[in-house]
Amino acid sequence: MILSGRIKQLLEWRARLEERLGGRYTLTLVSILISLVAQPLAEQYEWLEFSINFLFILTMGFLVVSLHEDRLPRPGFILLGCATLLLIFSEIFSAVLGEWVRASSMVLLPAAVLFVAYCIALIGGSLFRQQQVTSDTLCGAIVAYLLLGIAWAGVYGILELTTVNPFDYGDWTPGGRGAALSYFSFVTLTTLGYGDILPLSEMARTLAAIEAVTGVMFGAIVVAALVANLKPRDAQSAD
C-alpha cells in the first residue's frame, strides 16, 4: 500500500510537470537529450553516469505507465525495466564485480534493448492513433527516433560482447566504448557515416546496413502518418 501510494504521488507529480511542459513526450524528450549530451562527461564521473541513466529509466517508465492509461504495464515490461536497472548498477560497481560484469551484461543488455524496443513500439502505436498533430506529437516522433538510435547502440554492445573485434574504434579509448557505440549508432541511423569508427565483421556490417535502412524508412513512415493525421485549421475548429 505504501509503495502504490508513492507511485501514485510520482505519477501525479509527472502529470503536473507534463501539463506545464505541454505534454508527456516533451518531458521525455528533454530527459533523453540531457542523457545524450551529458554522456561524454558521464564516462569520467560514475555518479553522473548513474544519475543520468536512472533519470532516463525513470522517465521512460513513467511514460509507459501514462501511455497505458487505466491499466498497469505488463509484468514482462516491468521485468525488462528491472533488468535495465541491474545493468546500470553492474556498470557502476564494475570494479567490485570484476569478470561478473561481462557475464551479467550478456544477459542484461539484451533485456535493456528489449525494454527500449517496447517503448518505441508503444510510442509508435500512440502516434498512429493520434487524431491531430500537435507540438507534443512531434516531440513523440523525435523521442521514438532517438530511442531507435539508443536501441541500436545496445545491439552493437551485444555484438561487442559476443564476438571478437567487430569494430575498429580508431582513436577512441577503451573506457569510452559505450559513448563510441552510441555515436556510431546515430551517425549510421542518419546515414551520415564519418568513417572514424568502422564495422569490421560481416555481422557488424550487416547490422549497420539494416540500421541505416531502418532510419530512412522510419522517417518516411512517421512523416506519412503525421501528414495523414494533419487536419486543416477549419476542421480542427469544427471538431
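Glycine is no exception: its Cβ is also placed from the backbone N, Cα and C atoms.
As given in TrEMBL:
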type: TRANSMEM; residues: 21-41; note: transmembrane segment
type: TRANSMEM; residues: 47-65; note: transmembrane segment
type: TRANSMEM; residues: 77-97; note: transmembrane segment
type: TRANSMEM; residues: 103-125; note: transmembrane segment
type: TRANSMEM; residues: 137-159; note: transmembrane segment
type: TRANSMEM; residues: 179-195; note: transmembrane segment
type: DOMAIN; residues: 182-228; note: domain 'Potassium channel'
type: TRANSMEM; residues: 207-228; note: transmembrane segment
Intrachain neighbours beyond the transmembrane segment (137-159), with Cβ under 8 angstroms and 6 or more residues off its ends: 23-26, 28-29, 32-33, 36, 105-106, 109-110, 112-113, 116-117, 119-120, 123-124, 126-127, 130, 166-167, 178, 181-182, 184-186, 188-189, 201, 203-204, 207, 211, 214-215, 218-219, 222, 226
Suppose you look only at the domain 'Potassium channel' (182-228); what would the mean pLDDT be? 91
Under an 8 Å Cβ to Cβ limit, what residues of the same chain, 6 or more beyond the ends of the transmembrane segment (103-125), are close to it? 25, 60, 63-64, 67, 77, 79-81, 83-84, 86-87, 90-91, 97, 140, 143-144, 147-148, 150-151, 154-155, 157-158, 161-162, 222
Tally of residues which DSSP labels helix, strand or coil - the domain 'Potassium channel' (182-228): 35 helix, 2 strand, 10 coil
